[in-house]
Amino acid sequence: VVYKARDRVTNETIALKKIRLEQEDEGVPSTAIREISLLKEMQHRNIVRLQDVVHSEKRLYLVFEYLDLDLKKHMDSSPEFVKDPRQVKMFLYQMLCGIAYCHSHRVLHRDLKPQNLLIDRRTNCVKLADFGLARAFGIPVRTFTHEV
């Protein structure tokens, strides 16, 4: 669950992604560990910025920059958007820049969809978000068969 919040120190609007730690024996979910470890290494204008990680009793909060619009909401509320090839190309270019940056850092997002592409309304900047299913890739440890 993601909440809109205000940083008490900077007065900046932020997004808080709450992760429940209900099972004491299981610890932090692997999706949260992956998202944190990958995002703290990546800094790019087309990737959502992870600002902090806060641990409190039975909860983990990921603190992100706040962006209130995703591509799905944008397309639903602005049907003329898909008819404007210049704007579509601009958004697609930014998305590809973010993906290229991920790949250059050996990260596969694995959950690209309009809801995971956030838009900064002030700058029209598109940012990849939700790296919970993302994976780092490298040389495979074991060889896989070519047969299914």
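Every residue gets a Cβ built from N, Cα and C, even glycine.
Annotated in Swiss-Prot:
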- VAL1, VAL2, LYS17: ATP binding site (BINDING)
- 1-148: domain 'Protein kinase' (DOMAIN)
- ASP111: active site, proton acceptor (ACT_SITE)
- THR145: phosphothreonine (MOD_RES)
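Feature map: annotations from Swiss-Prot on the structure.
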residue : record                       : contacts (Cβ under 8 Å, 6+ apart)
VAL1    : ATP binding site             : LYS17, LYS18
VAL2    : ATP binding site             : ALA15, LEU16, LYS17, LYS18, PHE64
ASP111  : active site, proton acceptor : ASP130, GLY132, LEU133, ALA134
VAL1, VAL2, LYS17 excluded, remaining Cβ within 8 Å of their centroid (ATP):
TYR3, ALA15, LEU16, LYS18, LEU62
For the domain 'Protein kinase' (1-148), the number of residues DSSP places in helix, strand and coil:
45 helix, 42 strand, 61 coil
Mind looking up the mean pLDDT for the domain 'Protein kinase' (1-148) in the predicted model?
92
